[in-house]
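As written in TrEMBL, here are the features:
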DOMAIN    11-98  domain 'Acylphosphatase-like'
ACT_SITE  26  active site
ACT_SITE  44  active site
DOMAIN    209-400  domain 'YrdC-like'
């Protein structure tokens, strides 16, 4: 390239922040500069990607426009600054310079992304050296977050560091016109990772391509196999085989809970489920989440895939290994559909290491497909569905989305939100960004606590930030609470569970100022020491003022945790609270099976022994489900409510009216709080049940009545406070009827509903609420001068 320093020469520095590492950004800059005849350089720095270009003023201006307008598919610019520089005489070329280390990087690590069309074409070409190679990738696709140890993002800081490039791959890596130019995970069969198949004892049965063939044969024969993937191991089996699915459920101890299914393409997915355009967009997008789809009645899947719901979770292949596996399944099965569920025992973190998987999964899997590319951070599959509004609702946010940040308002010190007990995530803030971790799971054992620690360290490392405080839940017995109180490095702030829900949805929408919130979930430890879960709240994101303005009718939970596992106990408690205490063998579905236990529960209620009161919305759903005989005991959290939702008669032309659910002064604070009279609602359910009204109609009228009651409660509080924004959060909002009709009911009353769009409404959002509240508390000086209670 000729010397660019002439009279019409300009030189400009661009500093770019955002998702600009590991996405082909520097090669893109190189090619753009080359096309425009510019000299200069590009390099990764602690402040972001630094670009200097020199050439004609017109070319420099064009570069600035194209830098933002022609980005690579995975790149995302968050910040861009420009500075005019003195020209440099004698500069002959544009170069990619070595990254400079330092603290406080302003770049974002890309999430892992699905295999691109170009790489698939390479794999399907028998003459290509990557034909059926299960680790094919380029700058536009492949592993990123799960293989990154630290930043700046270079091969040496990933798990590909131990795979030196062969001559052919290095030529691609160094060729500015190749799409693998500076692709850090670049590999081929000659120099890259390898696969092999073993038995439960770790004895090798096949290697390389033969291992993939043998794996396909085993799955076609009905075996359960552990497959090392991108963010951890999957447990796989033939999704059309009732025997294979039953074996997987029994060994994994996963009874009833839906299993995800992977199919090779969109045409196969359409044979299993109904798919609209938005669902198709998510299925085929670069993130490749599991998408909940309405199952076709004649679907060939095993009935036990999702026994409690009409929906099935479907995903398409997102790694080259998946594509190779389905290639070898062709002709071996009638319908290529595989269960792909997390490689763990229920309640444990997903396995990522070869030895770890052989140790932990030997009682579940018959065979193991292993490989030698280390997974550095556990990451489950993401799960979402598309609401009737066309917007996504996450059930789990993980692979494909983390560590993409949620943008907040204003820059503040870094804060760490530790998250809740169930469906845990953690959140680290940095400047104006909140980094919510992938799904961690239920904090019920030391293994999951260890996983929590892994992610905490990993996020702090790759973000190069140092939190000044951490925020915990109010519950005294959570493992996260124990950690917070035992550590001595950081000051601890405390935020109640349901207020964290409220602050989370407001943070997603960058809402500033006061708002109302309906926090509807199972249970959370309340500020008064009781169990909350059906809460109407006031919060202010600026002053951090918060107040409980309303709640459901408190009802007893006989046996505490036992009542959650056996919803019939809650139904009996609601009947008792309604004054119905005489057992009716015909009307109480649980009497025949639990007569003795029912009598014991009656005595507990009469004597008020181990019957904590709760205002939980989720427990109300459980009670109605049990009363109708739909689910007396549960195998997994939320099962009774799911079955109740699915039982609805949704013939809207029938003109069903909701049961009454009036507002009353709260007995807890009559002058300050309003109670939603859910006992009256339950009593109406019971009366129709006694009268023999079909279960589907009762379920529908229950849903409609609760929604109208909540909307009236929010409307009354809006009139009282002058606040019309209503944040909606909590696990109950995963109920499709609630998620669809409650915002509509609020909008009809002139209110402005805000729902989650970037995180699940369940407890996975708690860490964001904690962190968003905590950073504002730090700004207000609460670490030095805590507010008076």
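Backbone N, Cα and C atoms are what each Cβ position is placed from, and that goes for glycine too.
Unlike curated records, TrEMBL annotations are generated automatically.
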For residue 26 (active site), write down the residues of its own chain that are at least 6 apart in sequence and whose Cβ falls under 8 Å from its Cβ; none is a fine answer.
42, 43, 44, 49, 96, 182
Suppose you look only at the domain 'YrdC-like' (209-400); what would the mean pLDDT be?
97
According to DSSP, how is the domain 'Acylphosphatase-like' (11-98) divided among helix, strand and coil residues?
24 helix, 40 strand, 24 coil
If you draw a 10 Å sphere around the Cβ of residue 44 (active site), how many other Cβ atoms fall inside it, taking every protein chain shown into account?
25
